[in-house]
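Have a look at the structure below before the remarks.
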Amino acid sequence: MVNNRTYLDHSATTALRPAARDALVDAAGALGNPTSVHTSGRRVRGILDDALQEIAQQLGVPRSWLIMTSGGTEADNLALRGAAHLGPVFGLATDHPAVVQTVQALNGRLLPVHRDGTMDLTALETALDQARSDGAPASLVSAALVNNETGVVQDLSAIAGLAHRYGAAVHTDAVQATGHVQLPDFDTVDLMSLSGHKIGAPVGVGVLVAQPDVKLAAVGTGGGQQRGIRSGTLDAAHAASFAAALRETLADAAAEQARLGSLAERLRAGIRAIDADAVFTAEDSPHAPHIVHVQFPGAVQDAVLFVLDQAGVDCSAGSACSSGVTQASHVLEAMGFEESLMRGAIRFSFGWTSSEQDVDAVLQALPDALERGRAMGRLFA
Amino acid sequence: MKVLAAMSGGVDSAVAAALAKEAGHDVVGVHMALSKNRDQTRSGSRGCCTVEDASDARRAADHIGIPYYVWDLSDDFHDLVVKDFLAEYAAGRTPNPCVRCNERIKFEALMDRARLLGFDAVCTGHYAVIGTDGPDGAPSLHRSANDAKDQSYVLAVMGPEGLKRAMFPLGRFADKAEVRAEADRRGLGVGHKPDSYDICFIADGDTRGFLQRSLGEAPGEIVTPEGEVLGEHRGTHNFTIGQRKGIGLQQPAQDGRPRYVLDVKPDTRQVVVGAAELLSTRTLEAADLIPFEDLEVGRRVQAQIRAHGAATGAVVTAVDSERITVDLDEPIRGVAPGQTLVLYDGDRVLASATLDRRA
């Protein structure tokens, strides 16, 4: 399907890379279950092992550390739920619902952030200390390397330094980080979630990288594939596709980061010229190059998005629930922003297909969108 | 014209949107999310408030080939319709939340948003006909070709001004089966959903229970018109004028005839009950008059006080810019303050107003 849109929502999902599509199509036709002992099974196992080898090599870990999943949400769940039997799990209040909702479901603890979006390390230490004194030391601290709404980057070294001192493992959801910032090494983190469709593989594949030292319990039961942690027939085609996308993503990461960073700067400069009141969220915090999160005071985000969509521009308010209603952002709330600002928040996110023309198209449509968005804001003031 | 089609997820609004598109308009579908905590799936006949309904609306919009959005109007709906509904009952009146929703949500909050976003009109699946023969070319409102589905009663509150930006493509259909056939013909897979009749924000259909839960208990006396105390009740908001069932008196009337609620007095927490004939009234007084044309004393009209009720012949006996009084040819029962009065001349709507006292 030809996409004639100005697509600036790559953090929601990015374009499928041709190499990933080819790998998927080639491998999908292969007959055989990779755990079967016959020749057909071994052939598919070969495709899968090649893919795992590639992924492991790209990430600098042994192949046995990889647990292929259906995506980032499942990877996060395997890590948090898998570690919960070892003690309480801690998460970050601004993280993706896959983490926040899981921590809450496990009666774990959500840690606060500063107004700049970075984790409050004093609060982390206090919480770790308190849990230890209570006789139930934390088993795991989870913090997304790059926040999916604002692009704020967490200092995983500092977080891991504290967590490890208290005997807790460290998990990071690196779904938004892959290709956009340097991934942490596995002395720093013990567990890491990645998602295929944010790097140009199809939806439906992800990875949990899991150091075997963290004794994860299985969330589901079945045939015992993937160290018994994630049963179910292995998906060679999606693994091959993921491997191809990861290879391309990491191959030119440095150049791509610079390119996306300059697109983002072009967009920020253009927005400043259009609207002096625009507030760039966490502008002074460390943040990933591909996300421009901006709050337009007095504007109603639904109306802004509506006008941009009608003008051919796809972007987002950050988070939408499954029924399509924009919800107040738990991320901005946790950062302490007031309602009037949050209501005008828009996220533009770039990816490998983004160009200067995309930026210019947004800037052309934005004045009308803001005018109508603010008129709507006045209506409800 | 740039037209916003309000799409509930039901067959009517889907067909209306399709007809607007086929008439050559530039149509965008919008589903209004009216409840904060929506159920995932539909139960019973309620037709607009679940995630499943939103999904049906989206599928219909895809089929028709129009853009589709969900707009969150739940705060407005709660403040302007649900709270008003409760406040009216608490004040001893009998509101019609659908009239209120049309007035304040669909043709005000939604219309205002639509206008700001560049739309010329809002299209809905209501059954009524907008004509062009009002005074000085103003829009006129008429009953739909389908008597059973006619919704001119709940739309009259829009007045001629509101109608200028409204479209009701279904008003000309004489039969619901035709609309379903139109839906099937276009592959709009919502053609066989049940119609919705109940109050949408009371999911289980138990209005009394909803009022009881929301307004709590405020015990008081059940009395005769002469003031004799017959028993107790748990809150005046549980009663509507004209109500017969569920009054909760142990002793039957001395003459053995059924008792009806004659009046509800929140100030003294009294509910007045008595015989049916005391319930009858020949005069209707109403405020907040919204006229479609000038009405003079002596004008013959038909008066309707319920969405699904019949109209009764009447004559205008007093009228000014805000209030109107009519005398009915035949007395009618169960007239309660808060109800909407709509006056007709045949199929044509003359005015809408809100009953405020019984004469």
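Cβ coordinates come from backbone N, Cα and C, glycine included.
The structure displayed is predicted, hence computed values, not measured ones.
Here's what TrEMBL has on this protein:
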ACT_SITE  B:Cys101  active site, nucleophile
ACT_SITE  B:Cys200  active site, cysteine persulfide intermediate
BINDING   B:Ala6, B:Met7, B:Ser8, B:Gly9, B:Gly10, B:Val11, B:Asp12, B:Ser13, B:Met32, B:Gly125  ATP binding site
DOMAIN    B:209-274  domain 'tRNA-specific 2-thiouridylase MnmA-like central'
DOMAIN    B:299-354  domain 'tRNA-specific 2-thiouridylase MnmA-like C-terminal'
SITE      B:His126  site 'Interaction with tRNA'
SITE      B:Gln339  site 'Interaction with tRNA'
Revision key, fill the gap. DSSP says B:Asp12 (ATP binding site), in three-state terms, is helix
Check your understanding: By a simple count of other Cβ atoms within 10 Å, which of B:Ala6, B:Met32, B:Cys200, the recorded positions in the record, is least packed?
Key -> B:Cys200
Review point. If you skip the near sequence neighbours and keep only those at least six away, which residues in the chain come within under 8 angstroms of B:Asp12 (ATP binding site), Cβ to Cβ?
Key: B:Gly125, B:His126, B:Tyr127, B:Leu170, B:Val179
Revision key, fill the gap. Nearest by Cα to B:Gly10 (ATP binding site), of the recorded positions B:Cys101, B:Cys200, B:Gln339, is B:Cys200
Practice item. Compare the Cα of B:Ser8 (ATP binding site) against each of the recorded positions B:Cys101, B:Cys200, B:Gln339 and report the nearest. Key: B:Cys200
Practice item. Can you grab the distance from B:Cys101 (active site, nucleophile) over to the residue listed as 'active site, cysteine persulfide intermediate'? Cα atoms, rounded to a whole Å. Key: 11
Exercise for review: Determine the mean pLDDT over the domain 'tRNA-specific 2-thiouridylase MnmA-like C-terminal' (B:299-354), rounding to the nearest whole number.
Suggested key: 94
Revision key, fill the gap. Its residues classified by DSSP, the domain 'tRNA-specific 2-thiouridylase MnmA-like central' (B:209-274) shows 10 helix, 20 strand, 36 coil
Exercise for review: Take the C-alpha atoms of B:Cys200 (active site, cysteine persulfide intermediate) and B:Met32 (ATP binding site) and report the distance between them in angstrom, rounded.
Suggested key: 13
Review point. Where the record says B:Ala6, B:Met7, B:Ser8, B:Gly9, B:Gly10, B:Val11, B:Asp12, B:Ser13, B:Met32, B:Gly125 bind ATP, what is the longest distance in Å from one Cα to another among those residues?
Key: 16
Revision key, fill the gap. Using a 10 Å radius on the Cβ of the residue listed as 'active site, nucleophile', the other Cβ atoms enclosed count 27
Point to revise | Under 8 Å by Cβ from B:Gln339 (site 'Interaction with tRNA'), counting only residues of that chain that are 6 or more apart | key: B:Arg93, B:Thr94, B:Pro95, B:Asn96, B:Ile305, B:Arg306, B:Thr354, B:Leu355
